[in-house]
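Noted in Swiss-Prot for the protein shown:
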type: BINDING; residues: Gly47, Glu48, Ser49, Arg106, Ile134, Arg135; note: L-glutamine binding site
type: ACT_SITE; residues: Cys79; note: active site, nucleophile
type: ACT_SITE; residues: His170; note: active site, charge relay system
type: ACT_SITE; residues: Glu172; note: active site, charge relay system
Amino acid sequence: MVKIGVLGLQGAVREHVKSVEASGAEAVVVKRIEQLEEIDGLILPGGESTTMRRLIDKYDFMEPLRTFAKSGKPMFGTCAGMILLAKTLIGYDEAHIGAMDITVERNAFGRQKDSFEAALSIKGVGEDFVGVFIRAPYVVDVADDVEVLSTHGDRMVAVKQGPFLAASFHPELTDDHRVTAYFVEMVKEAKMKKVV
C-alpha cells in the first residue's frame, strides 16, 4: 500500500486524509520535515496561500518541499496547493515550490462570496465531476509538456506535468474520490518505476 502525505500546516487536511483512505492508500499528516522521507507522494491542500507560505517558511519546509519535488515523487496541489506548485504567479516576483511549468492567477474566480460548484469533465477521471471552487486560482499558461486535464469555460482548472498534478478546485470537499484516486494511481506507478 502506498503512503500519501498531506501537508498538515493549514487547509483542508482532514478532508484530504479521508479521501486518500477512501482511495485505498495510507494517509499521513505531515507536520515534520523528516516525515517527507516516509511517504511516496504528497498532497498540498487548499487553504489560504499567503498563510500557508508563512507557515512553510516558519517551519523551514520550503527547501525540503523543493527537494521532494526534485526527487520525482508525485505531488498534488489543490487550490492554494496549485499556487505553491506553479513556477510563475501573476503579480509575484518569485515562485514558491515552483515545480510545475505553469502560470497561475490567484483568486481568479473572485472573492469568497463568488465561490461556486461546477460540473467538470476531467481527462482520465470522468465526465461528471463536481468541482468546488473557493476563491480559486486558475492556470493562465502552460509549457508544452503540461497536459490540461480539465477546463471551466476557457480557463484551465486541472493540469498534470510528469509527477505533478494541480487543480483549482477542492476535490476533497465532495464525497467523490475519483480525483484523489487518480493521484493515488500516479503514486503507485511512480513507486513501481523506482522498484524496477
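Heads up, the Cβ atoms here are built off N, Cα and C, so glycines get one too.
Counting only the Cα atoms, the space from Ser49 (L-glutamine binding site) to His170 (active site, charge relay system) is about 14 angstrom. Fewest Cβ neighbours within 10 Å among the recorded positions Arg106, His170: this applies to Arg106. Close to Ile134 (L-glutamine binding site), meaning Cα to Cα within 10 A, are the following active-site residues out of Cys79, His170, Glu172: Cys79, His170. Of all the active-site residues in the list Cys79, His170, Glu172, the shortest Cα-Cα distance to Glu48 (L-glutamine binding site) is found for Cys79. Using CA atoms as reference points, the recorded positions Gly47, Cys79, Arg106, Arg135 were checked against His170 (active site, charge relay system), and the closest is Cys79. In this structure the alpha carbons, written CA, of Arg135 (L-glutamine binding site) and the residue listed as 'active site, nucleophile' are 8 Å apart. Counting Cβ atoms from all protein chains shown, Ser49 (L-glutamine binding site) has 24 others lying within 10 Å of its own Cβ.
Put simply, Cys79 (active site, nucleophile) is 11 Å from Glu172 (active site, charge relay system) when counted between their Cα atoms.
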